[in-house]
Each structure stands twice: as C-alpha cells, then as structure tokens.
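Pulled from TrEMBL:
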type	residues	note
COMPBIAS	754-774	compositional bias 'Acidic residues'
DOMAIN	356-455	domain 'Calx-beta'
DOMAIN	486-585	domain 'Calx-beta'
REGION	604-638	region 'Disordered'
REGION	753-774	region 'Disordered'
SIGNAL	1-22	signal peptide
TRANSMEM	55-77	transmembrane segment
TRANSMEM	118-139	transmembrane segment
TRANSMEM	151-172	transmembrane segment
TRANSMEM	184-207	transmembrane segment
TRANSMEM	213-233	transmembrane segment
TRANSMEM	800-821	transmembrane segment
TRANSMEM	878-898	transmembrane segment
TRANSMEM	910-930	transmembrane segment
TRANSMEM	950-973	transmembrane segment
Amino acid sequence: MTRLGCWLAVAALVALAGLADAGSNCSAADATRNCIDGLVVPIWRPFLDLTTGDRVLRGVLYFFVIAYMFLGISIVADRFMSSIEVITSMERTIVVKRPGLDPMEVQVRIWNDTVSNLTLMALGSSAPEILLSIIEVIARGFEAGDLGPNTIVGSAAFNLFMIIAICVVVIPKGEIRRQKHLDVFCVTATWSIFAYVWLYLILAFFSPGEIEIWEGLLTFVFFPLTVGTAYMADIKIIQNRFLPHRYRRGSHGQMIATEAEEMKMLENGSPQGADPALKAFEEHRQEFIELMREIRKQNPHITPTELQKQAEYEMISRGPKSRAFYRVQATRRLIGGGDIVKKRIDKEHNKALDAAQEKQLRDNTCKIFLDPAHYTVLESVGSFDVVVGRDGGPDGLTVMVDYFTEDGTANAGSDYIPVKGTLTFYPEDKHQKVTIEVVDDDVFEEDEHFYLRLTNLRVRTKDGIIIDPTRIGGLPVAQLEMPNTATIMILDDDHAGVFGFDHDHFQVVENCGHLSLQMKRHSGARGKVVIPFRTIEGTAQADKHFEMKEGEIVFEDNQTEATIDIGIIDTEQYERSDYFYIELSPPIWAKKMNDLSRIQERFQRRMERKRGSSVASESKDSNTETALAPTDKSTRAASVDLLQPCSDPRRSSQSNSPHLTSRFRNRLGSWIAGMKGGNGDDEVTTALTPSQLEIAEMGKPRLGEFTKCQITIRESKEFQGIVDRMIKNANTRIMLGTHSWREQFMEALVVSAGDDDDDDEEGDDGEEKEPEEPGCMDYFMHVLTVPWKLTFATIPPTDYIGGWATFVVAIFMIGVLTAVVGDLASQFGCWVGLKDAVTAISFVALGTSVPDTFASKVSAVQDKYADNAVGNVTGSNAVNVFLGIGIAWSMAAIYHWNKGTKFLVDPGNLGFSVLIFCVEALLCIAVLVLRRSKKVGGELGGPTALRWMTSMFFCSLWFMYLLLSALEAYCIIPGF
C-alpha cells in the first residue's frame with residue numbers, strides 16, 4: 001500500500017507538470033532542455049511538435065523500459081553486493097590465551113562492521129545514484145546537470161522518510177527494535193545532516209553559483225572523516241582512553257560513579273582493550289548455544305541431525321546479517337530466486353549426500369581386519385583364538401593374507417608357542433581364526449605381551465592367478481584395515497593381583513551420560529577381591545556436574561577387568577573444564593587361594609631367585625640345625641610379632657620380615673586356622689614359617705601406582721562442532737558467494753518459491769513444512785528476468801581473487817546500465833513534460849531505492865536491533881553526497897580550472913530541495929530519538945497507535961518534500 005502511494009505521488013507530479021505555468025525561472029526553452037541525445041541512447045526523433053498521443057505513447061513505453069532497466073540494475077547490484085559481502089566477510093585467525101585452559105583459535109572478521117557498512121556496503125547500495133552523478137557530468141562535457149545531484153537528494157529523502165516509515169509499522173505487534181550501536185548512529189546521523197547542509201553552503205553561500213576545487217575536494221575528504229569518526233565511536237576509543245576509570249557507562253548511556261571493587265568486577269567481565277571482534281564472536285556464540293537449548297526444550301526427542309539442521313536454519317535466519325545480505329535476499333525473492341538460506345542448506349545437504357555416495361563406493365572394497373585388535377588372556381588359558389574378519393568387497397573374491405607372531409616382552413617358546421602361516425578367505429567366509437598356545441608355568445612374573453601381525457594381502461582370481469589388489473587400478477578391491485597388528489597381553493595368575501587405574505587422569509565429554517572407568521588387575525588373578533571406592537569433589541560439584549557415589553568393585557577369581565560407572569550431568573557448555581576424583585581404598589581379600597601349599601611353593605621359588613647366591617647357600621646348609629637355629633628363632637619371634645601385639649619395642653625392631661596390616665593378620669590367621677582345623681593363636685603361630693609369612697605378604701592383593709584418578713569433564717565436541725558449524729554458516733559469505741560459472745548459470749535458470757518474510761520453517765505442530773512450489777508470480781518474474789540473469793551470470797564468481805574480480809566487473813556493468821537509465825530518464829521527462837530535477841527526486845530516486853526498501857523491511861522484522869534498518873540509511877545518505885557529489889564536482893572543477901573557465905552550478909532548484917530536506921531530516925531524527933524514551937522504547941515498533949502516527953508523519957514529510965520541490969521547479973512558489 002505504501003509503495004502504491006509512492007507511485008501515485010509520482011503520477012500527481014506528472015499531472016502537476018502539465019498544469020504548471022512558466023515563471024521567471026521557467027522559460028520556453030526549459031520544455032525542450034532535456035530533449036537531447038544522451039551519452040549512450042540517442043533521442044527518439046522527431047521530438048518537436050509531437051501530438052499529445054505520441055507523447056503519451058512514448059512516455060508509457062519509456063516508463064516500462066526504464067522500469068525494466070531498474071530491474072536489471074537490481075540484479076547486477078545483487079552480484080555486486082555479493083562480492084562486497086565476500087570481501088568484508090574475510091576472516092583472520094587469532095589465538096586467545098586463557099588461564100588454566102588450552103589456547104583457543106577464533107575466526108574473526110578482518111573488516112569492522114561499521115567501516116564495511118560505510119564504505120563498500122554504502123557504495124554497493126548507492127552505486128546507481130553515485131555513478132549517475134559522475135556519468136552525467138562526464139556526458140555533459142563536465143557541465144552541471146540536474147539529474148545526478150537531485151537523484152542523490154531525492155533518494156536520501158525517500159530512504160530517510162519512506163523506508164523508516166515502512167520499518168516502523170512492519171515490526172510484529174508488541175515488539176520494538178532499538179539501535180544497538182547508538183554512538184555510531186549519532187555520528188552517522190550528524191554526518192548525514194551535515195552533508196546536505198554543506199551541500200547547501202557550497203551552492204549558495206561560499207561561492208554562489210560556482211563550485212571551486214577546494215569545495216569539491218573537501219566534500220570528498222569528508223567521506224574518510226565520516227568513516228573514521230564512526231569507527232572511533234564503534235570501538236569507544238574516547239570512553240576507553242579519556243574517560244576516568246572511576247566512571248562507567250550505564251545501560252542507557254549515562255555515566256555512573258563506581259566503587260573500586262565494582263570497577264574491578266566490571267573490568268574482569270569486560271577487559272579494557274579487548275578486541276571488539278573477539279567480543280562480538282563470543283556474543284554470537286552464546287546466542288547460538290542458547291538457541292540450541294531452546295530448540296531442544298521445545299523438541300526433547302529431536303534427533304541430532306534434525307536438531308542441527310533446524311538450528312542452522314534458525315541461527316542463519318535470526319543471526320546477525322549485513323545489509324548486503326538483506327539487499328541480495330530482497331532482490332532474489334523479487335525475481336523468483338527463492339530463499340537464500342533454504343537453498344544454501346539444501347546445497348549443503350546435497351554435498352553430504354554426495355559424500356555418502358562416495359563412501360558407498362569405497363565400501364565396495366574388501367576389508368581384512370583384526371576383530372578385535374587387543375587380547376588379554378590368563379597364563380593358564382592354554383590356547384585361544386585370534387579372530388580375523390572380512391567385510392565388503394565384490395562377490396566371488398578369494399582373499400589371502402599371511403600372519404606371524406612377534407615377541408614383545410613375552411618370549412616365543414618360554415611364554416607362548418610361535419605360529420606362522422596364511423589365512424584364506426573364500427567368497428563365503430566372513431571370519432578366520434588363528435590359534436595360539438600360551439605356556440603356563442608356576443613362576444611369578446610380570447605381565448607380558450607379544451604380537452600377531454597380518455601382512456602380504458593378495459587376491460586370487462577365478463583363474464587361480466594371485467595378484468596384488470592395489471595394482472588393479474582405481475580403488476583397491478581389497479585392503480588391510482589399520483591396525484593390522486593384534487596385541488596379546490598375558491596376565492600372570494600366580495598372585496592375588498595388583499589393582500589400579502591405567503592413568504591418574506581421564507577426560508570425559510559432558511554429554512556422555514555416564515563414565516565407565518576401567519580398573520585393571522595385573523600380576524596375578526587368584527581369588528575374589530573387593531576394592532572400595534568413592535568420589536571426591538573438585539571444581540565439579542556433586543549432583544550438579546556428576547553423580548556422587550561410594551561403593552565396591554568385586555573382582556572374581558581370574559577376573560582381570562572391572563568398571564566403575566559414574567553419572568555425568570550435561571550442562572551444554574561450549575567450553576568446560578570441571579574435574580572431580582575417584583579414589584580407591586585398600587583391597588579386601590574376600591576369597592583366598594584354595595591351594596596354600598602350591599602357592600607357597602611358587603613364591604618360595606621366586607624368593608629364592610630374588611635372594612640370589614646368599615639364599616642358595618642357606619639352602620645348601622639347611623640340613624645343619626645349629627646354623628638354622630638362630631635364624632629360626634629370630635624369625636619365629638618376628639612372625640609372632642606380626643600376628644600379635646608386641647610389648648617389647650626392641651623385639652619388634654629386630655623383625656626382618658615385612659610388616660603386615662592388622663586386617664591381613666586377622667584374615668590370614670583365621671584362614672590358616674580354618675585350613676588346619678584349629679582356632680587358636682598358638683596354632684596360627686606354629687603353622688607359619690618365616691618364609692611362608694613373607695610369601696603370604698607378597699601374595700596378598702594390593703593397590704598399584706594409580707589409586708586416585710582425576711576425571712575432567714570437558715565440553716561436548718559434537719555440541720561444540722554444531723555451534724562452530726553454525727558460526728561458520730552464519731557467515732553470509734557462504735550464503736551469497738558462488739564458486740563457479742556453472743553454479744551461476746544453474747541458479748539463473750532455476751526458479752524457486754519466493755517465500756514471505758515471516759514464514760516459519762515449521763508448522764504449528766512442530767513438524768517441518770513441506771517445501772513450497774513456485775507460484776505463478778515466481779514463474780512470471782523468472783521469465784521476465786531470465787535475460788538479465790543470464791547476462792550477469794557471466795560475471796566472475798566471488799571465489800575468484802577473494803571477490804574483487806566480481807566487484808570490478810559488476811560495478812562496470814552497473815555503470816553502463818546507469819548511463820542508459822540516465823539517458824532514458826531525461827528523455828522520459830522530455831515526452832511527459834517533467835524537468836530533470838523533478839524526474840530525479842521522484843521517479844529515478846524511487847527506482848533506485850526499491851531494493852533498499854525490501855531489504856530494510858526484512859532486516860527490521862528479522863533483526864534483533866534496528867541498526868541495519870535505520871543506521872545504514874543515515875550512513876548511506878552521507879556517503880552519497882561525499883562520493884557522488886564530491887567526486888563528480890571535483891572532476892568538473894579541476895577540468896574547468898585546467899581550461900581556464902569556471903564550473904557553474906545553478907543553486908536554484910537543487911539548493912531549495914536541499915534546504916527542505918535538511919529541515920525535515922532534523923525533524924525525522926528528533927522523532928527517532930524521542931521514540932527511545934520509556935513510553936515507546938525504541939526507534940521501530942512500539943504501541944500500535946504511536947507506530948502508525950510516526951509512520952504517517954514520516955510519509956507526510958516525504959510528500960511535502962516532493963510537493964514543495966516540484967512547485968519550486970515549476971516556479972509556482974518562489975525559490976532561490
């Protein structure tokens with residue numbers, strides 16, 4: 001409805017032109033002033049003494065041709081803005097050092113958002129207006145024209161009044177949009193008003209009717225000053241460097257005094273001098289994580305794949321995007337190009353499908369593998385089988401592989417029987433076995449290992465020819481999967497065992513649900529042993545981060561492994577490093593060995609080897625009682641002391657045997673007494689010899705090296721990967737960029753549904769909506785714009801030279817089309833009787849601003865803040881003057897100075913139009929500032945009555961600007 005009103009206003013101006021009477025500034029020559037040959041398009045002859053019917057026919061024809069040219073400019077500007085988005089989305093890698101954590105690599109943008117918005121983004125959105133001003137000056141032989149400068153002013157008026165009027169009312173009911181970077185908005189708004197005040201000053205004050213070189217150059221110099229001051233406001237360099245640290249900025253921008261401790265907290269939370277790009281990265285990442293949690297709450301049973309897909313779409317749709325993205329999205333929806341985000345996600349899923357198909361091709365390779373690749377066996381196992389498996393491959397394939405054993409710490413012959421041979425997998429075979437025998441002895445020894453290796457894989461054809469599978473060509477028909485070596489661990493079972501963890505530190509991810517921590521028993525496996533354990537808090541809190549637990553692990557006879565299960569609570573953090581401990585208590589011998597004499601003999605032999613020659617000499621003299629008596633006496637005394645309390649410390653100090661714990665003494669005493677049939681202490685004392693006591697002490701279960709294990713809970717890599725992927729995909733460079741000419745031509749020929757802005761990806765019941773088919777309007781716009789699409793598909797893809805190739809070629813094409821539009825617009829005024837000044841502020845300004853209107857509307861609805869909808873309007877308005885007027889008039893002034901003449905510009909209608917715009921712009925900015933009060937809360941949206949009042953006021957400002965400028969142009973009201 002608003003856009004219809006704009007076109008009705010243009011029609012009213014045409015009617016006004018027909019009724020206007022000539023005044024002092026409206027000579028008869030003005031009627032044919034724009035009836036001349038253009039830079040590119042010659043005038044349609046004859047152009048004098050035409051009938052009213054001919055003028056109307058030519059006017060209508062030119063109207064539609066110009067509209068079609070504007071459509072082409074919008075499409076090529078789509079390519080131009082895509083290149084700008086790719087350029088400004090370039091990222092750099094920074095390494096963040098964090099105390100207590102590993103350094104983290106973060107990808108942040110090279111371009112500052114404010115700088116990119118005021119330079120390349122503003123150039124992209126305002127390229128037609130800027131180029132029209134420059135081309136018009138060149139086309140007229142470096143003489144001033146009315147079309148270019150008035151188009152810049154008219155476009156600024158439409159952007160500030162009409163676009164903001166539309167954005168105010170399209171915000172969903174009950175919502176508001178505020179400027180996030182208010183400092184930047186104040187700077188750009190000030191420059192936007194100053195730009196037109198300055199334009200009026202150089203037209204009518206400093207050197208009326210003449211533009212001097214310094215005026216043109218200074219106008220251009222204001223452009224980098226605008227960018228620099230806006231950048232300083234964005235990074236808050238004044239507040240950070242010159243503001244005393246005893247003050248801080250409040251939520252509404254006011255300065256608040258702070259205490260020293262509070263200031264320290266604020267500085268810790270937001271370090272002085274922190275990289276703004278890094279801060280933005282962290283903020284965006286937290287938004288992504290909150291979105292993931294929100295979707296999971298709404299759909300508790302959603303699969304990880306669907307969660308990732310839905311989160312990607314929501315994050316890209318709701319995440320921060322540039323003005324270039326909205327401009328391109330608006331254009332593509334208008335011409336039947338469909339939704340950028342949906343098309344890109346579909347393309348990513350197609351890539352995943354291609355990867356799956358490639359994987360399926362690789363699955364046709366026959367794989368030979370060890371299943372499993374690690375074995376743990378007891379010394380008394382006798383023999384066991386190592387399983388070799390086969391999977392995949394073409395039918396009818398016979399595969400052969402050699403195997404052999406290899407020593408590790410275990411020695412062939414004394415610890416195991418070596419084997420060597422060849423396994424043959426016939427077409428129907430899925431598994432083959434290699435049988436290995438372990439040598440059992442009665443000698444206590446450390447756990448040992450050896451290897452079984454697979455090698456020399458080959459295939460046999462149906463003709464009986466044996467060939468290497470890797471030399472057939474293409475993908476190999478068979479291959480050995482890694483690892484191709486099995487490790488066999490032999491556990492000694494002549495001891496109760498040593499118990500503990502493999503390491504003193506383990507890491508788990510928070511979404512694992514529970515931790516299964518493995519305990520191992522080595523150096524023996526006899527008897528039933530109970531190991532008490534408990535959890536201890538560290539930085540991780542019990543029942544908040546992990547399950548507090550205290551219990552026992554039972555190892556049965558010959559059992560070598562057991563697990564401790566602890567629940568882990570998922571808090572869905574992007575980064576996490578909380579820890580707690582699991583501690584083991586001394587083992588309890590629940591069920592002893594059933595053959596005491598056999599164990600005693602085994603350990604006696606071990607002790608004899610350990611003592612060496614001294615023990616051997618004592619064994620030789622064992623038949624001499626006199627030599628043995630002192631030893632036996634002292635040893636017996638020591639053994640008694642070990643089992644009973646000793647009142648004589650001197651006797652206790654003379655003990656040569658290891659000290660036994662009281663629990664072991666009690667259990668050992670009761671055990672020996674039970675086996676001997678007695679139940680007294682004397683019987684226990686006389687039952688054990690000193691050597692038996694020492695052997696029994698060594699044979700009891702004990703804890704190993706690692707009895708306390710630290711468990712660190714880290715972030716989920718899957719969750720982190722999803723967040724990282726969303727961060728990567730939220731980079732609109734991926735959404736807008738193209739990789740090849742083939743991709744561009746395919747996009748040009750494919751029609752997609754142009755979804756509404758507020759469509760949701762899901763229905764009311766939470767189920768994903770079926771993709772919509774293109775409608776009649778989509779097909780009509782596609783057919784209408786196919787010539788433009790195919791023409792601009794020849795522009796280099798954005799992947800070339802980092803987007804700069806697209807940038808250069810696209811801006812050249814925009815310049816060519818703008819030159820044609822300038823000629824046609826001037827000749828259109830010739831046919832319908834409109835002056836160039838009126839045509840520029842109405843028809844041309846409206847045509848160049850339509851894509852920006854759609855882009856601002858979408859950004860106002862989808863963005864969390866109003867920066868893209870409002871802030872970029874003020875920035876673009878300033879850049880239009882500083883570049884469009886500054887470059888064009890500087891060139892003309894230098895040209896005339898070189899010729900010895902003056903560059904004359906009539907301030908009449910342009911000066912009046914600029915003055916009206918400046919007054920109304922001040923009113924518009926004042927209203928926007930007032931809307932930030934508590935009653936409304938933001939520049940856009942708010943209460944229904946106030947939003948409509950604001951919108952109607954802004955629309956009236958634009959209509960008033962058009963009316964007064966047109967009346968002055970036709971001398972109905974006096975001007976300058």
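Positions of Cβ are set from backbone N, Cα and C atoms, glycine also.
Along the domain 'Calx-beta' (486-585), the predicted structure has mean pLDDT 83. Within its own chain, the transmembrane segment (184-207) has Cβ neighbours under 8 Å at 114, 118, 153, 156, 160, 215, 219, 222, 226, 229-230, 233-234, 867, 870-871, 874-875, 877-878, 880-882, 885, 905, 907, 910-911, 914-915, 917-918, 921-922, 925, 976, counting only residues six or more beyond its boundaries.
Long-range contacts of the transmembrane segment (910-930) within its own chain (CB-CB distance under 8 A, at least 6 residues past either end) are made by residues 146, 149-150, 153-154, 156-157, 160-161, 164, 189, 192-193, 196-197, 199-200, 203-204, 837, 841, 870, 874, 936, 939, 950, 953-954, 957, 960-961, 964-965, 968, 975-976.
In the domain 'Calx-beta' (356-455), helix, strand and coil residues by DSSP number 10 helix, 53 strand, 37 coil. Beyond the transmembrane segment (213-233), the same-chain residues lying 6 or more positions past its ends with a Cβ under 8 Å from any Cβ of the stretch are 112, 114-115, 118-119, 181, 183-184, 186-188, 191, 194-195, 198-199, 202, 206-207, 875, 878-879, 881-883, 885-887, 889-894, 897. Using a Cβ-Cβ cut-off under 8 Å and counting only residues 6 or more beyond its ends in the same chain, the transmembrane segment (55-77) has close neighbours at 44, 124-125, 127-128, 327, 331, 334-335, 784-785, 788-789, 791-792, 795, 810, 813-814, 817-818, 820-821, 824-825, 827-828, 831-833, 843, 847-848, 850-851. Secondary structure by DSSP for the domain 'Calx-beta' (486-585): 3 helix, 61 strand, 36 coil.
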